[in-house]
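Below: one structure, written as structure tokens.
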């Protein structure tokens with residue numbers, strides 16, 4: 001599971017600035033989907049080969065007319081509880097204020113590893129600033145400038161060194177890892193029961209990392225699977241009895257840990273903004289996607305047509321994903337999900353050599369050439385596999401920075417069709433080859 005770092009502090013201390021600085025590297029790989037409201041409170045970053053999930057709690061608190069919003073019973077409380085460690089940000093220019101002390105008192109009760117970072121500090125006053133905030137009780141503060149990044153690397157190096165070790169909970173032969181993602185009350189727990197089946201074989205059910213995620217291995221038709229329970233579904237006395245609680249953090253962790261995501265829609269409620277935001281996150285994670293539209297049996301013909309039209313209209317950015325119209329309660333259509341899981345997983349495991357990808361690139365260019373830039377055609381030379389999770393194909397060429405996003409989407413679709421990637425979002429990463437003559441004086 002991705003380690004979670006929560007950025008906490010009172011308003012206007014620079015939480016979003018630090019969040020944006022740490023996550024800016026993702027912008028080159030993942031573009032916003034048109035028409036989808038981007039959720040800016042959660043972001044992924046990679047530091048020294050360690051992938052992290054960052055949570056900017058500043059976007060989660062209603063601070064209107066309040067100096068310090070209450071932490072209790074808010075998403076901030078949930079984010080803090082589900083994090084592995086906390087970056088507590090304060091403002092050097094404002095100095096230590098009562099709001100900082102109130103937050104510090106609450107954080108001390110959490111039992112988490114907390115790093116105190118003093119933002120907006122001049123180098124000349126670093127020692128003075130550190131002594132002012134030392135009384136908060138989190139050890140020596142780290143002096144940073146989030147806007148420029150000064151001091152941030154040293155801070156994050158210490159964060160990485162203090163992350164709790166993840167426990168090994170999955171044995172070797174557990175098969176395909178499946179995550180169930182969806183809004184609250186769309187039928188996730190019912191579908192999980194249906195997937196596990198009446199004659200299920202539960203190998204084990206034990207806590208995973210410090211965030212208490214749970215892996216549930218099971219077998220069906222001699223095939224092994226593992227259900228990743230990180231969306232807040234917890235067993236009670238009986239396995240049939242589940243309690244559901246939505247968590248964006250655990251949903252994001254599930255996406256990144258899974259081989260295949262089943263995204264569940266409620267046919268009676270249609271496509272909501274929250275559905276679109278979750279789908280956007282799944283595309284970013286690059287995991288294989290299957291869309292299951294639940295409670296289908298309760299709709300008449302006209303209502304079904306309306307739902308299909310709404311999906312076509314509002315979800316064109318996931319048109320690569322297979323759709324299944326099901327009833328988790330009665331089991332209608334659920335059997336097809338297992339075939340889709342197998343096919344989707346196998347398609348992403350196929351061999352992808354540089355030669356194969358380059359030949360596909362050449363055919364794509366021959367069928368639809370890149371546009372002209374200042375009268376010259378953008379040249380794409382070769383392609384190779386950058387990563388499988390997310391599936392990233394790196395395309396090398398000249399002047400690739402000028403390639404429009406529409407052409408990158410064309411290439412992604414072409415690769416998907418050529419290699420029959422089933423339900424897999426394809427990310428295109430463009431690289432411009434160095435110009436050997438750049439920087440030389442004209443003669």
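Yeah, the Cβs are placed from backbone N, Cα and C, and that goes for glycine too.
For 3-167, the entry in Swiss-Prot reads domain 'EngA-type G 1'. Feature annotation from Swiss-Prot assigns GTP 1 binding site to 9-16, 56-60, 119-122. Annotation source Swiss-Prot lists domain 'EngA-type G 2' at 176-349. The GTP 2 binding site annotation in Swiss-Prot covers 182-189, 229-233, 294-297, and the record cites sequence analysis as its basis. The domain 'KH-like' annotation in Swiss-Prot covers 350-434.
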Cβ neighbours of residue 185 (GTP 2 binding site) where a neighbour is any other Cβ within 10 Å: 11
Cα separation, residue 57 (GTP 1 binding site) to residue 296 (GTP 2 binding site) (Å, whole number): 37
Neighbour tally for residue 188 (GTP 2 binding site), based on other Cβ positions within 10 Å of its Cβ: 25
C-beta crowding around residue 182 (GTP 2 binding site), within 10 angstroms: 24
Number of other Cβ atoms within 10 Å of the Cβ of residue 15 (GTP 1 binding site) across all protein chains: 25
PLDDT averaged over the residues of the domain 'KH-like' (350-434): 91
For residue 185 (GTP 2 binding site), the one of 12, 15, 57, 121 that lies nearest, given that the binding-site residues are compared by Cα: 57
Candidate binding-site residues 12, 15, 57, 121, pick with smallest Cα gap to residue 188 (GTP 2 binding site): 57
The domain 'KH-like' (350-434) - residue tally per DSSP class, helix then strand then coil: 31 helix, 28 strand, 26 coil
Residue 182 (GTP 2 binding site) and residue 15 (GTP 1 binding site), distance between Cα atoms, whole Å: 28
Inter-residue Cα distance where the pair is residue 182 (GTP 2 binding site) and residue 57 (GTP 1 binding site), in Å: 22
Secondary-structure category, per DSSP, in which residue 185 (GTP 2 binding site) falls: coil
Which of 9, 12, 57, 121, all binding-site residues, has a Cβ with the fewest other Cβ atoms inside 10 Å: 12
Neighbour count (Cβ, 10 Å) for residue 296 (GTP 2 binding site): 21
